[in-house]
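Below: the structure, in structure tokens.
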Amino acid sequence: MRVPRPQPWALGLLLFLLPGSLGAESHLSLLYHLTAVSSPAPGTPAFWVSGWLGPQQYLSYDSLRGQAEPCGAWVWENQVSWYWEKETTDLRIKEKLFLEAFKALGGKGPYTLQGLLGCELSPDNTSVPTAKFALNGEEFMNFDLKQGTWGGDWPEALAISQRWQQQDKAANKELTFLLFSCPHRLREHLERGRGNLEWKEPPSMRLKARPGNPGFSVLTCSAFSFYPPELQLRFLRNGMAAGTGQGDFGPNSDGSFHASSSLTVKSGDEHHYCCIVQHAGLAQPLRVELETPAKSSVLVVGIVIGVLLLTAAAVGGALLWRRMRSGLPAPWISLRGDDTGSLLPTPGEAQDADSKDINVIPATA
């Protein structure tokens, strides 16, 4: 299931807070990015969370599944048995708080409420907590560690803070998480799964052409399922730089990433172009040639042949089942020559003398 993203105007906090950690491999931090929407589309969650260990997403949660789940290489982390149950319990509490916030705001909406909670280890190994919140893409509230409560200048911040403080020990739980639970979890992850932070997955590549405006074609160079997220795509024309085109980039549900770049060229000129990709998972830059129609046709033919073979196998199996159910031998047994009579005699055919019952007493004259 695809988790919905915040509205374009509500992406400010996410885009502001995450790029620094995504671009720094040595950034030792544990961050939870939480999002709630007041009017979710049918079949989509009202609340979802992504958890990040440094540059890697390690956790996902949404209100439809109701379970915290590991992502990417962290699926194989040797964690204690109760760890994910604890994550699930904590995030269900956060879900309740975020949805309660909409009640405090009234029914004017729609609203998108986001939060960034977590901690970062400084060079001297001390923990620096983070607790920021945004409403419809604008930061409006934080958690004051000295006061032990939420605060901000907006009236909405006051309304939400008062609502949350009515929840049993909510402020105390927030303070405990930021000062103690978060740094403990971060150090545990670094101890148990430090190798995961060195995970490198090279991209699967494809360069395709499609018709564009009259007289032009659009080349799209696509990279699939790679990690870390830093990747460079560029086009060459006859070996010369032709630009980077217009790009797209995003995360996958398994913790890897995808990216693409498109370039408009003259029709008939497509085969003069190639795509060059650079990534930490590749020993050297990879040259990606344009996918030809012939290759696509071979793929389609292979799929068709595979379907036909599967269909033939299914039909043959059904016919064999009907034959054996009616008492007839399997075809390969009927073709075994001399063995036929001794194994399964053909219906209506007399047995050989050697096959008669030796215990039968001959009739007396």
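Each Cβ is built from the backbone N, Cα and C atoms, and glycine gets one as well.
Sequence-distant neighbours of C119 (disulfide bond) (same chain, 6+ apart, CB under 8 A from its CB) are S29, L30, S127, V128, P129, T130, L178, C182, P183, L186. In this structure, C119 (disulfide bond) is part of a beta strand by DSSP. Feature annotation from Swiss-Prot assigns disulfide bond to C119-C182 (among others); the stated evidence is sequence analysis.
What Swiss-Prot lists as disulfide bond is C221-C275 (among others). Taking a C-beta cut-off of under 8 angstroms and a sequence separation of 6 or more, C275 (disulfide bond) has the following same-chain neighbours: M205, L207, L219, C221, L233, R234, F235, L236, S261, R287, V288. According to DSSP, C275 (disulfide bond) is assigned to a strand segment.
Annotation source Swiss-Prot lists domain 'Ig-like C1-type' at 202-289.
Here Swiss-Prot flags 111-200 as region 'Alpha-2', drawing on similarity to another entry.
What Swiss-Prot records for 291-297 is region 'Connecting peptide'.
Residues or ranges marked as signal peptide in Swiss-Prot: 1-23.
Among the features that Swiss-Prot reports, topological domain 'Cytoplasmic' is placed at 322-365, with the record citing sequence analysis.
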Could you check the disulfide-bonded residues C182, C221 and say which one's CB has the most other CB atoms within 10 Å? C221
Over the span of the domain 'Ig-like C1-type' (202-289), how high is the average pLDDT in this prediction? 93
